[in-house]
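Report on the following structure.
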Amino acid sequence: MEAANEPVNGGSVQIRTENNERRKLPNFLQSVNMKYVKLGYHYLITHLFKLCLVPLMAVLVTEISRLTTDDLYQIWLHLQYNLVAFIFLSALAIFGSTVYIMSRPRSVYLVDYSCYLPPESLQVKYQKFMDHSKLIEDFNESSLEFQRKILERSGLGEETYLPEALHCIPPRPTMMAAREESEQVMFGALDKLFENTKINPRDIGVLVVNCSLFNPTPSLSAMIVNKYKLRGNVKSFNLGGMGCSAGVISIDLAKDMLQVHRNTYAVVVSTENITQNWYFGNKKAMLIPNCLFRVGGSAILLSNKGKDRRRSKYKLVHTVRTHKGAVEKAFNCVYQEQDDNGKTGVSLSKDLMAIAGEALKANITTLGPLVLPISEQILFFMTLVTKKLFNSKLKPYIPDFKLAFDHFCIHAGGRAVIDELEKNLQLSQTHVEASRMTLHRFGNTSSSSIWYELAYIEAKGRMKKGNRVWQIAFGSGFKCNSAVWVALNNVKPSVSSPWEHCIDRYPVKLDF
């Protein structure tokens, strides 16, 4: 595989191949697999009964409001002579109401969240990165030049963070150092979350932690249970090896748990560990994560309690998960392995961008019927049917997702995918600003990047009541996952936001 001059991303990491066309993200809106359209409409029809009840209830309320006192008296007299029918209908109404209330999905609210801000002492500038890489003496001249070019074109700024163990010469990627990094990130985010929300940790009923490349024993979730003395019956989950899309997977899992367990809180912690996952070899396909991945993590508090609606920031509307792991190329395109010298790292396939495009296409095709206005759906469906039935060369209609969402949080895994999504979804620079600035300020923080992006939008004062947010992330496996939120209020940034002391400097102009 040839050295990269320009990074592109898929599943959190970037690479350039010899073939420029294969490197680019395919225009996934130009070809649509019908099974994903059907899946999206299946989700829509699942809620069709509830949608039909809305106009029926409106008509019923209107008619009742027109009744006079004489009308009500006549109805009462009629019921007196039909007591059996009255009792039967009353019982039926009570039974139907009970079944509806018991079976309807519980609302899931995002009370608050926090993103970890590392100390300034852990910041790494380009020159410091290159100087340390030379001093380590594990990299040859070709590898050093390759990393320099990746850094210059990556979209990362001069204020990203690396763990303390990698600031040492030589680095000390020990188990103890890796544990220390995870504790600093997770506990730092959780301390802020509990302080801001005034939640007692023992009130947490569900805990979900995701970290792709570091899975010690006891687990990261067990470390949190031990640190905050969570109650003995907490439902604890630890997700590993699921890549940069695992943050949305964790939200989806927590949502499902909150459907089962009433009146409880769920905490989701999304992080990655850099200390033990630095590559010290010379295989270019495995060097790119060194240039992109940086320290970061987030903690999110979810609730299914009705009383929490007033103080919550968002309500979860949809989660859509797409997995292409059944395809061998997709399964192998981001693969942790050892090189010829026994050095461990993440290897990237030259087909990675094409696979990312297929996963994205499948995901948004399923999501579309759930979120797009009916006018967009009709236009999209008509052009699709015309093309399928008449084998027409008619150019497919590209739905305008800007009509469905006010804000976009695209996983900040790399500059190239942000560029391609901006182009294919016809987004403005403002729509992708949060993703670009998060990549510049914090680098690729893996599954937590979408939360730094949401914090950026809030810090800019752009999140208004009723605004809809689309979080989209993708990662190894190969997976593409989406979460849709609606703002319940004009959202203000949380106390100790990661952008608190630098938001006035952004957006910055990026020159490549």
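Numbers here mean position along the shown chain, with the first residue as 1.
Positions of Cβ are set from backbone N, Cα and C atoms, glycine also.
Marked as transmembrane segment by Swiss-Prot on the basis of sequence analysis: 44-64, 83-103. Under the heading domain 'FAE', Swiss-Prot lists 100-389, citing sequence analysis as support. The active site annotation in Swiss-Prot covers CYS244, HIS323, HIS407, HIS411, HIS440, ASN444.
Positions of the features from Swiss-Prot, shown on the structure.
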{"residue": "CYS244", "record": "active site", "DSSP (3 states)": "helix"}
{"residue": "HIS323", "record": "active site", "DSSP (3 states)": "strand"}
{"residue": "HIS407", "record": "active site", "DSSP (3 states)": "strand"}
{"residue": "HIS440", "record": "active site", "DSSP (3 states)": "helix"}
Where does the mean pLDDT land for the domain 'FAE' (100-389)?
-> 94
CA pair HIS411 (active site) / CYS244 (active site), Å rounded to integer, equals 8
If one measures from the C-alpha of HIS440 (active site) to the C-alpha of HIS407 (active site), what distance in angstrom results, rounded to a whole number?
-> 19
Among HIS323, HIS407, ASN444, which are recorded as active-site residues, the nearest neighbour of CYS244 (active site) by Cα = ASN444
Measuring Cα to Cα, tell me the gap between HIS323 (active site) and ASN444 (active site) in whole angstrom.
-> 22
Spacing of the two Cα atoms, ASN444 (active site) and HIS407 (active site), in whole angstrom, works out to 20
What are the non-local neighbours of HIS407 (active site), defined as same-chain residues 6+ apart in sequence with CB under 8 A from its CB?
-> HIS431, ALA434, LEU454, ILE457, ARG462, MET463, ASN467, ARG468, VAL469, TRP470
Please work out the number of neighbouring Cβ atoms within 10 Å of the Cβ of CYS244 (active site), leaving out its own Cβ.
-> 33
In the structure shown, which of the active-site residues HIS323, HIS411, HIS440 has the fewest other Cβ atoms within 10 Å?
-> HIS323
Relative to the Cβ position of ASN444 (active site), how many further Cβ atoms are located within 10 Å?
-> 29
